[in-house]
Number of protein chains: 2
Amino acid sequence: MEGTSHAYGGHNGSEILPPRQGMVVGAPRPAEVSPVGMVHKVMAQPAQSTASKMKGKVKETFFPDDPFRSFKGQPLRKKWLMAAKYLLPSVEWVPGYSLSLFRSDLIAGFTIASVAIPQGISYAKLADLPPIIGLYSSFVPPLVYAVLGSSHDLAVGPTSITSLIMGSMLQKAVLVSPTAEPALFVQLAFTSTLFAGLLQASLGILRLGFIIDFLSKATLLGFMAGAAIIVSLQQLKELLGIIHFTDKMDLVDVMASVFQHTDEWSWQTILMGACFLVLLLSARHVSMRWPKFFWISACAPLVSIIMSTVLVFIFKAENHGISVIGHIKCGLNHLSWDKLLFDPKYLGLAMKTGLVTGIISLTEGVAVGRTFASIKDYQVDGNKEMMAIGLMNIVGSCTSCYVTTGGFSRSAVNHNAGCKTAMSNVIMALTVMVTLLFLMPLFVYTPNVVLGAIITVAVVGLIDVPAAYHIWKMDKMDFLVCLCAFAGVIFISVEEGLAIAVGISIFRVLMQITRPRMIIQGNIKGTDIYRNIHQYEEAQRVPGFLILTVEAPINFANTNYLNERTKRWIEDESFSRNKSELRFVIFDLSAVPAIDTSGIAFLVDLKKPTEKLGLELVLVNPTGEVMEKIQRANDPHNHFRPDCLYLTIGEAIASLSGEANMATP
Amino acid sequence: MEGTSHAYGGHNGSEILPPRQGMVVGAPRPAEVSPVGMVHKVMAQPAQSTASKMKGKVKETFFPDDPFRSFKGQPLRKKWLMAAKYLLPSVEWVPGYSLSLFRSDLIAGFTIASVAIPQGISYAKLADLPPIIGLYSSFVPPLVYAVLGSSHDLAVGPTSITSLIMGSMLQKAVLVSPTAEPALFVQLAFTSTLFAGLLQASLGILRLGFIIDFLSKATLLGFMAGAAIIVSLQQLKELLGIIHFTDKMDLVDVMASVFQHTDEWSWQTILMGACFLVLLLSARHVSMRWPKFFWISACAPLVSIIMSTVLVFIFKAENHGISVIGHIKCGLNHLSWDKLLFDPKYLGLAMKTGLVTGIISLTEGVAVGRTFASIKDYQVDGNKEMMAIGLMNIVGSCTSCYVTTGGFSRSAVNHNAGCKTAMSNVIMALTVMVTLLFLMPLFVYTPNVVLGAIITVAVVGLIDVPAAYHIWKMDKMDFLVCLCAFAGVIFISVEEGLAIAVGISIFRVLMQITRPRMIIQGNIKGTDIYRNIHQYEEAQRVPGFLILTVEAPINFANTNYLNERTKRWIEDESFSRNKSELRFVIFDLSAVPAIDTSGIAFLVDLKKPTEKLGLELVLVNPTGEVMEKIQRANDPHNHFRPDCLYLTIGEAIASLSGEANMATP
């Protein structure tokens, strides 16, 4: 057959390219034409042993960024230095650290400390933990991160979402109530933090960072918005001054609880809450409108705390129905490794909570790190960040801290305040340390309602309606995922909402494989280009040929579908028209990246119905891996002779129509 | 820019095709050339409303076979008739049924009855159910299937795998032991059958048949082999005459049980078992060697039962340590809908068992139906088959039957015996009915050891070593899936082995998406063809250009990877060579069937690093859906101007290099 096509004259369309003016060096030069009538042979990739193929795949899977490529060919001494730099990114910036850098970091550090202190106290309350644990968590973890982390902008501490999840998950296990057994609850929080840290560090070490990729932006958007609503509704407890409030987290229970206890509403609390809400929201509005006044919203929480504390102190408002934090003992973090609880009764709960909070906080930390790295144009290594965040939480769990990560809001403040290196985290930690040592008595009169207002304003910022609208406009299925995450969190529970959204995302990917797009290609008049006839009006069917393209790997999940679909198309095509006209079916494999044994069986089976209808089936442009398997399937049976494999659709059509003509002169 | 490229002279390579001899009508005619220098515009698919797109997607997902297409444009009367034929496939063959067809079906019916009776008794024992339930299950379900089923070759009854799974799953729930509470065990079996039937029918009605596609051939191969080994080892109880045997199903427990009770081994039983094993295996060997003697292996089980029963009767062997079936009451199936058990205590167990047995039996039934339909060249509608099998099990659960399906071995016998229609199932059912009514006393002396031998020989046939070797040769990952299913079934449990194998298959598909293949394309000298430079030696890089192709949908699961990978390639490319040389990055989207919002964000982000390095990024040949989203992303921002979108790589290179030359004259 190759002979026939040679005789006919090829269809490459290029051997006769005219000489061109104005071509950059090396663009295909018309001088080097191929022999007239050449039909190109389809080739497999150069043979590789299974072991070397496996090695390649493992490398692509786990080391797509090839972190050690710069190590190659370096002297041993330099290799050691580079390894140290790799493991401790701080080694990179410490030697060149200057006074001017320190000045920037000092300002940024004080600014984020003013955010971290009120947030620490508030978020700890959100997780139903004693407020001081929130401050502890803003002291040790930032120091660890400053040594290990590779981001210059990440500001470390507890975040609203992880606090919420930790509180709700630990509570939901009915056996532990923060009010009934506060010591046990704290122990469980430390244990969960340990598991979260272990998970994060091992994901980093095992280079399984891609697992967090399965939380798509749409999932996170819906999840965040749902969590924000749940959190702000929960704050109604503080904002209305309700004493008996539900422990549950879903919309229905929370709203029921709000209106069951209208008798507990306190007008003094409501008034104070409303005033500070307005204050905080205005500050936020100003900062969003004029970005250079970012410090107004950054300082607003601390200012609110100071103002409200002073107000309560002056008016003795704690005697008029406004609840205050009360006495907190001064002092730094206690060691807490002896409080870790490995009782089998609670182990499952702690591991599950660690898993969910670990994944969520990792996702937030890595995403925030990547965002600011891309703005300032430096590299953040995802797997290294995971190790840093993981180690920070492992150390944290032994020093009375709960789950921390690089939160978006405080990192944004850090970035805006002009931080240069991770030193700003150190400054923040030192400021928190001073607070822990000397300033705790000042919080005695801080009213809880202000903390509620701070949390509410912080989380309302997580509801991103324009982004949701953008997703709706771009992709309806993505929007569905977003909506499911949102509704799941609000109506069922935080972790189930997340699981549903991830499930739908994965199901959607699987459906793309199970029901792959198949298109019919046509020739664009007067060219050698073949394109989808439904996309390009100029693309017209080539009479006598049916050109089919599959756009997915062919595997067990779709061979039955492809089988039915292809048969139907071939039958429709050959019966609907003049029957004698259809002669050849061209199956274009250009967009099939992989094939498995079921897929090969499908290709072999496809020959039967086509032959029954008197048609000839040819394959076009199998990619390397597919070609390799076709060859292996050929090995004893010779299912696909070389003359039914072509490199391009054009060559196949030219060769086949030439042949057909020869046969019927 | 379009203007420039016009001036330059296009690269289509076809406007100058030479006149050809020997071209079939309608192959692209060189006469109709496009204007010289045309650069083709990339187009989106014609605009469609979201609703009509959804409709199209739903249709492709649930009605890929378009079952109602022949209804279109028919008169109402004919439509009714066609609907009846659709719902009751038997309507199609009954009117034209002839005596000669009946003769063929009669022979086939008797042949499969001779298989069905011993199999029914044996498989019921395998499921730890009373033997008569196996015979009941070969009476009612075949009658139902004869009316509803669309396959002509499927012979219906219990199968070894589903019997094994049902027995093991119901037993594993420690609370139910077949020996302690036989009545409860039977009730649970009926209830599980009901759930299996409901699941099967609803999968068919909801057209979710693709769910069984996730059990790939590799999974089933490993699973079957593992189950066969477990089943045959379990038969050591009967073959060695052990009385106290474990209820567990994994290799270790079974083997321990065999050697713990060596004192119970009975030489009479072992001798008898060995003789009949040899007899049955020889019959099988003869039939496989000379296919026309298929009836030898088909009749062997019945002959063995008759012979062994006579032997026991003559030698009074039941008094010498050979256990026999014992007395079974004559009579047809009792109604059992009042025995269905919806006690919440057992509901979960029954549903889970129904789910697993339902999916497995459905997979077997549909696969067997498709196999024989493809041999005899008629169509079997998967979803319709599911409804038929489902209804058959629902009816079965109310008439003292347990899960049935079209088993491979008896369907093969049916096919070989020359069956023409589903009438052979009716003949089999009537033969079984006669047995139930009158012949049951004959089984009193049937020894259990013969049943063990029959089961062993039947399941050994499920171990397909050549197929496993074929998979190993074709695809190492598929083989791993097969191996995991096998090992999981043998060492853990039947349902967990299955779950592990399905999990790995799906994980593999997800990994193909998460780590998509990216290739660098090069120009095949002297042509306009661009191919993978690692696959084609002739393909050479075009200096000044980096041509990248992604072969997967771009979505949340892979954008991070693609981002890192692409950046690294671009950096490597622009630093490793003469820096000034690389000017353009061409991102070929031909093999990207779909994109989501994260994917669009990735494409937009990709412009940044390229621009930083002074490179220009262009996109080539986005498919319909991708183009649509690019347009939507363009809507307010104009990320991708039309002049960075090209239809082919060739056109992009020609146009860009022309432009570059113009800029630096």
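Quick reminder: no glycine exception, Cβ is built from N, Cα and C everywhere.
Curation plays no part in TrEMBL annotations; they are all automatic predictions.
Marked as region 'Disordered' by TrEMBL: B:1-21.
The transmembrane segment feature in TrEMBL is assigned to B:184-206 (among others). Beyond the ends of the transmembrane segment (B:184-206), by six or more residues, the same chain brings 62, 127-130, 133, 166, 169-170, 176-178, 212, 336, 339-342, 346, 349-351, 353-355, 357-359, 361-362, 383-398, 400-403 to within a C-beta distance below 8 angstroms of the stretch.
The transmembrane segment annotation in TrEMBL covers B:218-236 (among others). Listed as Cβ neighbours of the transmembrane segment (B:218-236) (distance under 8 Å, sequence separation of 6 or more from its ends, same chain) are residues 126, 160-161, 164-165, 242, 245, 249-251, 254-255, 258, 363, 367, 452-453, 455-456, 459-464, 467-468, 471, 478-479, 481-490, 494, 497-498, 501-502, 505.
Taken from TrEMBL, the feature transmembrane segment applies to B:265-281 (among others).
Positions annotated as transmembrane segment by TrEMBL: B:293-315 (among others).
According to TrEMBL, the feature transmembrane segment maps to B:386-405 (among others). With a cut-off of 8 Å between Cβ atoms, the residues of this chain six or more beyond the transmembrane segment (B:386-405) that come close are 124, 127, 129, 133, 136-141, 144-145, 148-150, 156-159, 162-163, 166, 189-194, 196-205, 209, 333-337, 340, 357-358, 361-362, 364-366.
Long-range contacts of the transmembrane segment (B:426-444) within the same chain, counting only residues at least 6 positions beyond its ends with a Cβ under 8 Å from a Cβ of the stretch, are 105-106, 108-110, 112-113, 116-117, 120-121, 131-132, 135-136, 138-140, 142-143, 146, 155, 305, 309, 324-333. Among the features that TrEMBL reports, transmembrane segment is placed at B:426-444 (among others).
Annotated transmembrane segment per TrEMBL: B:450-472 (among others), in sequence order.
Among the features that TrEMBL reports, transmembrane segment is placed at B:479-507 (among others).
What TrEMBL records for B:535-656 is domain 'STAS'.
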Next item on the list: Decide whether the stretches the transmembrane segment (B:265-281) and the transmembrane segment (B:450-472) have at least 3 CB pairs under 8 angstroms, with pairs required to be 6 or more apart in sequence.
Entry: yes
Note to self: I'd like to know the mean pLDDT over the domain 'STAS' (B:535-656).
What the structure shows: 84
Item checked: Helix, strand and coil residues within the domain 'STAS' (B:535-656) as assigned by DSSP -> 59 helix, 22 strand, 41 coil
